[in-house]
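Notes for the one structure printed next.
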Amino acid sequence: MGTEIPRSAEISEALLPSESEKNATAAEEHVPEWKEQITIRGLTVSALLGTLFCIITHKLNLTVGIIPSLNVAAGLLGFFFVKSWTGFLSKLGFTVKPFTKQENTVIQTCVVACYGLAFSGGFGSYLIAMDEKTYKLIGADYPGNHAEDVINPGLWWMIGFLFVVSFLGLFSLVPLRKVMVLDYKLTYPSGTATAMLINSFHTNTGAELAGNQVKCLGKYLSLSLIWSCFKWFFSGIGDACGFDNFPTLGLTLFKNTFYFDFSPTYIGCGLICPHIVNCSVLLGAIISWGILWPFVSQHAGDWYPADLGSNDFKGLYGYKVFIAIAIILGDGLYNLVKIIAVTVKEICSSRSRRLNLPIVTDVVDDSEASEILLVKKKRDVVFLKDRIPLEFAVAGYVGLAAISTATIPIIFPPLKWYFVLCSYFIAPALAFCNSYGTGLTDWSLASTYGKIGLFIIASVVGSDGGVIAGLAACGVMMSIVSTAADLMQDFKTGYLTLSSAKSMFVSQLVGTAMGCVIAPLTFWLFWTAFDIGDPNGPYKAPYAVIFREMAILGIEGFAELPKHCLTLCYGFFIAALIVNLLRDITPPKISQFIPIPMAMAVPFYIGAYFAIDMFVGTVILFIWERINRKDADDFAGAVASGLICGDGIWTIPSAILSILRINPPICMYFGPSSAR
């Protein structure tokens, strides 16, 4: 799967209601019944936004694999659409139901659950790693890569697979919602930030700022859409034309993928992602494409045969893939061990009455203390009021596990029923670890748990179907731990917005059901319109090759790697561990400048071009913050969301034109003047 960047929990002060305003209203605020929080208009808006964000997520997942959080954009656009609709009907004289923050929270939850499946559903990783193109790309003669281990994407089986695996995580931890949110007081930083944002929308000052943010988002969405349309006219036939292949830094650097390709999406990602993430991506590009790959290329004929194709795993391509895998595994293993250690430590501390968790606290004077207590009491009452019966959660999990255990072997025959059943026995424990860790650090390690399942099942099944079995097991495990963490995050958001836990659970169920249909349908648009998996095209699906190679590694080990490749892999694996350790043991004033290995790994395989775009975004944001910090805090997210959404919307007409075989009229190509 792609690399999901940790979501920032920072919210501008201007977005937050003042303490006096919050406390004066929250204690006596009327809270709608849970059924009133879920509305037809809200679900309609959720479906529309879910479709848009699924398209954006697929595009990012199939191109570079870096997915920034779109939660703020989901909350902002949900607020805008419903407010616009109610305002329009009011002007026509209709009586409309007031738009509450609880309904806003339901929309947010539904949208995130829907587009989350475009990320965790494996459309850019474990599912597409099963296809024939990835098999051929690795090579029919490659040890462990068998023609029998091929299942091409199919719309109906993908929808069926998502339906049988995506709901279990929602039932696995429901009984622990009180423990996680009220007893342990886990922060869930993104959930808390989202709640603050939604609360602010429904105050007078916050609503005014939200309106300005929506105008800003609309402006940059329009510019991005127009620019993407303009670029299409010059992109010609093939992959060498247009602004996407503009040698902005010269032809020499262009050959090493160092160029600015004028992508609004990647610039928007640079505006959203933290500066250290963008700088880490650029540093990884410089190390790999600026230093390492040119150095390895100089030894062609010695380290590997010089006459190999550019995508042959016995040549330079093998170094790119396996070193990227080594860094990803090193980073994932370190963070997995760290979060499990933190989880165990904090649970032990809580049991010994020495709880030391980061909790949501308010610094107040004595005059406000009683109001704060009243607000907290009301939140507790609302959160616990609509109980989700334990018997329902257990019955739901057992029933869905039984259906899934019977169904998955039909879709993926090598993954026998007893492997699926064993996965469901241990899944709740792993879901708890991941949810607890997410509550502490805001970092979900769902992909890491999935890779562990991949290696174990692939090695146990062996060469007779181990690749398909491992990849499918990865999907089963990843779906459960990911959705469980998302649900707990939503419970935290609901707690802080006085939304019913039952409405949060139902909206997650509805959003997941939407995602089970919308995510495959939007992926199918890409699959039929574009050449997915072409290593020389825009939709490389970089993690498809990486995940299939991981499954093969689980079966065959390191067979027939190029010379010194294994040594380099060991070196970068250890380096990832050391860099992560340094980030944790050094003071914050130093650690904030230490790069993130996971972010560095992405360009090793893909290229440096998107790192340039993201760095442009981070430079724009850095300068903006220096000129006007408050303005940047208020509107950078809106600008970034507009750039990403506009480019994402253009994907739809672009795909339709491609399906109809309507090609761009002009090919803008750049080459050396001596070639003329």
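Each Cβ is built from the backbone N, Cα and C atoms, and glycine gets one as well.
In TrEMBL, annotation is done automatically, which means it is predicted and not curated.
The feature transmembrane segment is assigned by TrEMBL to 38-58 (among others).
The transmembrane segment annotation in TrEMBL covers 64-85 (among others).
Summarising the annotation, TrEMBL assigns transmembrane segment to 106-129 (among others).
If you look at the transmembrane segment (155-176), the same-chain residues 6 or more away from its ends with a CB under 8 A from one of its CBs are 117, 121, 123, 127, 388, 390, 393-394, 396-397, 400-401, 403-404, 407-408, 411, 424, 427-428, 431-432, 435, 475-476, 479-484, 486-488, 505, 508-509, 512-513, 515-517, 519-521, 523-524. Sequence annotations record features per position, and here TrEMBL assigns transmembrane segment to 155-176 (among others).
Annotation source TrEMBL lists transmembrane segment at 276-296 (among others). Long-range contacts of the transmembrane segment (276-296) within the same chain, counting only residues at least 6 positions beyond its ends with a Cβ under 8 Å from a Cβ of the stretch, are 5, 66, 256-258, 270, 303, 316, 319-320, 323, 592-597, 599-604, 607-608, 610-612, 614-615, 617-618.
Residues or ranges marked as transmembrane segment by TrEMBL: 316-337 (among others).
Same-chain residues lying 6+ beyond the ends of the transmembrane segment (388-411) with a Cβ under 8 Å from its Cβ atoms: 157, 160-161, 164-165, 167-168, 171-172, 174-175, 177, 417, 420-421, 424, 428, 472, 476, 501-502, 505. Annotation source TrEMBL lists transmembrane segment at 388-411 (among others).
Positions annotated as transmembrane segment by TrEMBL: 417-436 (among others).
Counting only same-chain residues 6+ beyond the ends of the transmembrane segment (467-488), those with a CB under 8 A from a CB of the stretch are 1, 112-113, 116, 120-122, 125-127, 129-130, 144-146, 149, 151, 161-162, 165-170, 172-174, 177, 180-181, 186, 188, 191, 404, 408, 411-416, 419-420, 423-424, 427, 430-432, 434-435, 438-439, 444-447, 449-459, 461, 504-505, 508, 512, 547-548, 550-552, 554-555. The transmembrane segment annotation in TrEMBL covers 467-488 (among others).
Per TrEMBL, the feature transmembrane segment maps to 509-529 (among others).
TrEMBL lists 565-582 (among others) with the feature transmembrane segment.
What TrEMBL lists as transmembrane segment is 602-624 (among others). Beyond its flanks by at least six residues, the transmembrane segment (602-624) meets 3, 63-66, 249, 256-263, 266-271, 273, 275, 278-279, 281-282, 284-286, 288-290, 320-321, 323-324, 327, 540, 542, 545-546, 631-632, 636, 640 of its own chain at Cβ-Cβ distances under 8 Å.
The transmembrane segment (38-58) makes contact with the transmembrane segment (509-529): 3 or more of their CB pairs lie within 8 A, with pairs spaced 6 or more apart in sequence. Listed by sequence, the residues of this chain that lie at least six past the ends of the transmembrane segment (565-582) yet keep a Cβ under 8 A from its Cβ atoms are 318-319, 322-323, 325-327, 329-331, 333-335, 338, 558, 591, 594-595, 597, 601.
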